Amino acid sequence: MPENPAAEKMQVLQVLDRLRGKLQEKGDTTQNEKLSAFYETLKSPLFNQILTLQQSIKQLKGQLSHIPSDCSANFDFSRKGLLVFTDGSITNGNAHRPCSSITASESLPWTQRSGNEDFTSVIQQMAQGRHIEYIDIERPSTGGLGFSVVALRSQSLGLIDIFVKEVHPGSVADRDQRLKENDQILAINDTPLDQNISHQQAIALLQQATGSLRLVVAREVGHTQSRTSTSSADTTLPETVRWGHTEDVELINDGSGLGFGIVGGKSSGVVVRTIVPGGLADRDGRLQTGDHILKIGSTNVQGMTSEQVAQVLRNCGNSVRMLVARDPVGEIAVTPPTPASLPVALPVVATRTLGSDSSPFETYNVELVKKDGQSLGIRIVGYVGTAHPGEASGIYVKSIIPGSAAYHNGQIQVNDKIVAVDGVNIQGFANQDVVEVLRNAGQVVHLTLVRRKTSLSASPFEQPSSREAVAEPPEVPELTGSLKPETNSRMEAEEIGERLDNLRKDTVQALEKPDVYPEDIPGCPENELKSRWENLLGPDYEVMVATLDTQIADDEELQKYSKLLPIHTLRLGMEVDSFDGHHYISSIAPGGPVDTLNLLQPEDELLEVNGVQLYGKSRREAVSFLKEVPPPFTLVCCRRLFDDEASVDEPRTVEPSLLEAEVDRSVDVSTEDDDGELALWSPEVKTVELVKDCKGLGFSILDYQDPLDPMRSVIVIRSLVADGVAERSGELLPGDRLVSVNEFSLDNATLAEAVEVLKAVPPGVVHLGICKPLVEEEKEEKEEHFIFHSNNNGDNSESPETVHEIHSSLILEAPQGFRDEPYLEELVDEPFLDLGKSLQFQQKDMDSSSEAWEMHEFLSPRLERRGEEREMLVDEEYEIYQDRLRDMEAHPPPPHIREPTSASPRLDLQAGPQWLHADLSGGEILECHDTESMMTAYPQEMQDYSFSTTDMMKETFGLDSRPPMPSSEGNGQHGRFDDLEHLHSLVSHGLDLGMMTPSDLQGPGVLVDLPAVTQRREQEELPLYRLPSARVVTKPSSHVGMVSSRHANAACELPEREEGEGEETPNFSHWGPPRIVEIFREPNVSLGISIVGGQTVIKRLKNGEELKGIFIKQVLEDSPAGKTKALKTGDKILEVSGVDLQNASHAEAVEAIKSAGNPVVFVVQSLSSTPRVIPSVNNKGKTPPQNQDQNTQEKKAKRHGTAPPPMKLPPPYRAPSADTEESEEDSALTDKKIRQRYADLPGELHIIELEKDKNGLGLSLAGNKDRSRMSIFVVGINPDGPAAADGRMRVGDELLEINNQILYGRSHQNASAIIKTAPTRVKLVFIRNEDAVNQMAVAPFPVPSHSPSPVEDLGGTEPVSSEEDSSVDAKPLPERESSKPEDLTQAVDDSMVAEQEKASESPDSAARQMKQPGYSAQVSSSSQEIPSAPAPLCQSTHADVTGSGNFQAPLSVDPAPLSVDPATCPIVPGQEMIIEISKGRSGLGLSIVGGKDTPLDAIVIHEVYEEGAAARDGRLWAGDQILEVNGVDLRSSSHEEAITALRQTPQKVRLVIYRDEAQYRDEENLEVFLVDLQKKTGRGLGLSIVGKRSGSGVFISDIVKGGAADLDGRLIRGDQILSVNGEDVRQASQETVATILKCVQGLVQLEIGRLRAGSWASSRKTSQNSQGDQHSAHSSCRPSFAPVITSLQNLVGTKRSSDPPQKCTEEEPRTVEIIRELSDALGVSIAGGKGSPLGDIPIFIAMIQANGVAARTQKLKVGDRIVSINGQPLDGLSHTDAVNLLKNAFGRIILQVVADTNISAIATQLEMMSAGSQLGSPTADRHPQDPEELLQRTAD
């Protein structure tokens, strides 16, 4: 049996993990099942109990040998397996006394009786000449022995000795009169406490002793007459009260709580009211209900309220020591404790000299007089509590302010310890409490200070081992127990790290044997470590050395927090965050090993573990080391001392950013700004003056979690109200941090508080303290991370009723009309829902302010998860891409942008055109605000151009120094669009109209024309298209803007294109020449155009440019404008009948068009497809600014209607300081530092610089095959790219840094954001290792030279760049894809597939997938927790793609599909069917899931969109498997290859489809399990949900990293939520489930359904389960079944006519017996019957499901005619009657069947035509018109 089962078990689990990882790397999955079973067995609670029980039995053997023969050994085992000793005579609630865990593996050594000479010699040796006394104490039937002990380190070899700390008055020991304080216990029950007995074992011996307790103690000869109590000063009760019994109770909190409740108050005292059964107090057995609590630790709690006592208990840490009393005699009259005002005496530190009364300290009193309201002028820093055993605890003077009272006094020195203020002893006070005491002191302040004498003077920060306390008289040294705490959460009577140094006010008799501290022992390893690090770090840091030996006998200590932390922290009980070589404790698990020390705390830096320095190592190295290092652990940590620093008598005006920056610098002091990684704002506070008017200040705010301190949030400017006070001032920008309003500091203020402060400010001048975002070259690479979002969106911790109240205040002092309607939030953790819903505006709102909410599309994927726990990201039934959802969440709309209430009618997409005509044709449709909204589902051509009405949609949010999409970088890659009418899909998926250029900072106006670029997201990797911007002349502005996208989702309602599908897309690049269009008005008919835009800015670029103008949003076909065929969506209107509109407002444009005569003459510009000259790469960064005079002249000429000339391509984005070159010396130093940083890594380190071209670096990247390791490998190099031209990079190189930003060991999110935001000149640090090829998640492949590929990410990491591949048509994306299992949902629309969550998907990567055989990708990282074996990489050779897009299909080895008319043939379940679908004017309208690289292992239709061609065709259903597409075999293809094949389909699509016989699953084909998540206050569940567009079912679409679901680890994307807290949500809508999840609190139990992995295959023999949803399968389409019925009837008729009537086709009837339970599915489908669509043919078996009970008999066959059921003949029965018979048949079912050859032939051709109408589910609830319902029913 192992000595420490818990530790041994953890080691075995780690070995298993490593073994599994190595097998996975080798691709060996043969042992997965065995290893998984072994792993689960080790982790099971039963196994843990067995281990605990074994340990307890071993302990029992050791304990029984020490129980006196005259005492009975009553013991038991708890439910956890712990050994519990009980005394049969114990009564009155004291029957349970758990045995403390004895960590030594061997049993306690047997020793001889006291008469033995060996025993006597041992005792004499231990006594060292002191007086020895033998004491027998009889344990009473109730209560304890009446004394407490403390463990102190002895002077001999550093051993631990046990001393009597206190003898309680009136106790057994006190009445015996022999046991004295400070006695050293040498033996307990004849067991000497030598080096073989640990202090835990000694404590256990005292606790477990029954009957007589025999003690051998040693006592100093001169101190045998010591006081009996040391606490009389604090515990003396009024003379009117006498207690019958007092007891000292110590409880060691194991993380589950103390287990008792209190009640009472100041007058009556605090009384124990309840004791929780099975809780800690109950198990301890000493505390009883009705006990009065007199003291807690050294704090007298008499006279306190119950709440104050509760607070004292909470502050005690793990060890809680209480003095309780019961059985009062006389009247209880408790008086509150008075402040100690006794003279302050000199504390005496124990020395090795016996009887020494000398003191190294001197004390003195100082009187300070505050003058003219000044402060005292001292800064203090505190060590408070027992968090620093052995350290100099107390309040010290940190610094003295020159010119202050303390400065002029001259007596106070830095490092003086303050022990009293105005006679009030402040020892033990918290730092902030001392500050308050000093502030509240009068004009004259008396301070009592302690200072080391000159000869011994040293900084307390350098020698924190000094232990002082106020003592009286001075010459009496104090007994203080300073120990290195050992981890054992079941020590019940031991004093660990006593609080005597700062809490005790009583006097303690001295030991003549002095205290010895670890720090005082010259050879102590802890002291050496501490000294070494203190010398390295200097006096500003406190160094702590802790030793952990995680020998936890009860393994539940680990279990209770094992799910919260990674494996490497299980043994330590803490998690570590790493930043640039520093490793900080980010969280400590309650009850874990580190927590029990009560020494370390979050933000402490981990310097060294077991002699190995972690400082300077990467996170990967540190984590790897922590996984492997064996216990015991010696941890060296440091803490910056002035974290708690405060200025006395002065407000805390020090900006938190300063302290945070200092914390981040930690140890590394260099010229490099190491703290810049998280420092978002400048520490400099700028004061901005705004004049508040009746409309308010004109900006909105949000709260944002401070990345430097997860426990606090900061207030950030979210957006500016158009033409508001803030915008007009020009000094306030979105992204600025708001730190103060007038004199009120917003530091640590909540969002609601900040709103109230801003609201309460009276009109007039308002002074705002603002911190600007940092803009530095080092930070440019990570600027995209710092897009702000709120950690508390107001709804996390609020009830649903209050959510809208908080959000409605985000816009401050908006005009009254904006606040008329309540802001209704229907989302969970998200402030809005469906962008396609109509908006409700009031006309006055639109005119009075053009403030409008707009979505910020470009949130960094890394930041979306950092510090956030998002519960639901729900966009009603529309599935907006998740990166967009997070954007929406981060930037809630102002309250006046209202979502319609739940009662508002939702306009169906199909009704869009009718609604528009009805709403707009009655008047001038140009009055956009007269309509209820221009946002509902417009006709396709109206949606396509997504510049919204500016009054409604002006984007105002942006960040000053953070490019919205830095990945575009102005590289000039042209977007290709079919038409501007497809721009709607681009807006939905990430628009950016510009990027910053160096010239943007110079000159008042810059002409900018921006290319279309693609944006890709981490995880989702959705192709996101950028809009080619309208050419406008912009005016300078410092605001950042985002493209208006409120229309985005409505614009993307239809997944198909209505016109021009499959056309070659022209390469639009710039505005063409102006042209004149005349439109003749018709009576009572509107012109038929709608416009968008105006004088307000549609788009603000990062450099301050503004895009504005009037654009055509939609042209109605049958209108006068539509008939001209000269205007189209996206055209810019320059002039109307002589009125220049280039700088006109929206209202002016509307009026101009209204007032124009007949005809109306428009001067418009359209985007031109003329090729544009692209500047050379070398000139990109150095494009001179536009001539300012020229720009000014052009700007002046605008009002004369002249069209601007075609724009040139802007230079690539550069950081403002990018032109500043590092000196050679600095560069050399940096390179040297980099080489030192990675010196320990195997391989050859390279540092190179590359210049990106228009296509990026020309690299393809992938992650590590082992998902637990974060790597970024080069898997492909484009021969035409910069990397290939440079020649120094090779395939297999691992990127470590880019532009001084560390990628090594960082998450994919971090790496992606850094890579994407890199400027043009890129400095790369990479390492070359021969073994890298074996670690790469994707096999290396060459990048075709004709493909201008950027840096691309293939293995779950982000793409480095995201420019389009010009060889791929950038088709418009559909708005929706469904998130289904394995986060691989795709929407097949037209010739493209929109991907939601699969990694590595964008036009350029799609092209590469088509061109490169062998390409595969990992499943995104959110699926790491899938319990099944990882999907192997797809190694098959995929279909080659020719330049024209035609595929060479590999030969199929599957059986030949049924060959019938593919245009009309039905899909026969169980057979491969060839079908053809003509797409017409729309796309296919499918979404797919699966692939060989996913657990689904097949390409499966997830949903059929009712607007698409597949739905019109009517044959494809959700759940059908696609085997081939136009000859391309998808049976063994990866997910991306299927996307590629479906994207390239021509007008007529030829598909090979397989419909599983058991496709429409019951839940038996789902793995159903329960998941319990704890929803904490203010936090969400950390998951996103999505509903099917048609049908029911809600699925998990995303797991937020760091959230509750992610930490639990069991949920994955695609899981279906079946119930929430027992409430069935299978049929519930997405909104309903979102509401339920939003409202639940506390423990949330989710019932989850997950498709069994590997249930799909490409043949009927192995395909048994289905991905298809049983409800959505029918609701997703309504097939046109006329051809089906016709073909079936023809088939039946042909068969009948071809068979000779005289020939008997029947065999003898067979009797089949089936036993069916109530929960069983029968598993057969039947067809035929009277009135059947096939005709009146006999009822026969059309399908047998493999998982049904019928199949188990193996006696039924497809085609068998059913003669009778349970004796009832079926002749003449209708199909429905037969179905009902089978439905209701349970128990023993007798079927008589006949093998009819005619029927068999029909059945063979049909091959079980449908599995849709399972009798186990209500068939009537589904579509009875479906052909499957008419032809056959399935009987369960």
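Note that Cβ sites are derived from N, Cα and C of the backbone, with glycine treated the same way.
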Where Swiss-Prot places region 'Disordered' among the ranges 277-300, 1045-1068, 1813-1836: 1813-1836
Annotated region 'Disordered' segment (source Swiss-Prot; candidates 456-492, 863-899, 937-973): 456-492
Structural state census, the domain 'L27' (1-65) (DSSP three-state): 54 helix, 0 strand, 11 coil
For the domain 'PDZ 9' (1568-1650), residues assigned helix / strand / coil by DSSP: 15 helix, 35 strand, 33 coil
Secondary structure composition of the domain 'PDZ 6' (1074-1166) [DSSP: H/G/I, E/B, coil]: 15 helix, 42 strand, 36 coil
Stretch in 1-65, 555-641, 687-773, 1568-1650 most in contact with the domain 'PDZ 6' (1074-1166), if contact is a CB pair under 8 A: 687-773
For the domain 'PDZ 1' (134-221), mean pLDDT (0 to 100): 80
Whether the domain 'PDZ 4' (555-641) meets the domain 'L27' (1-65): three or more C-beta pairs under 8 angstroms: yes
Structural state census, the domain 'PDZ 4' (555-641) (DSSP three-state): 26 helix, 28 strand, 33 coil
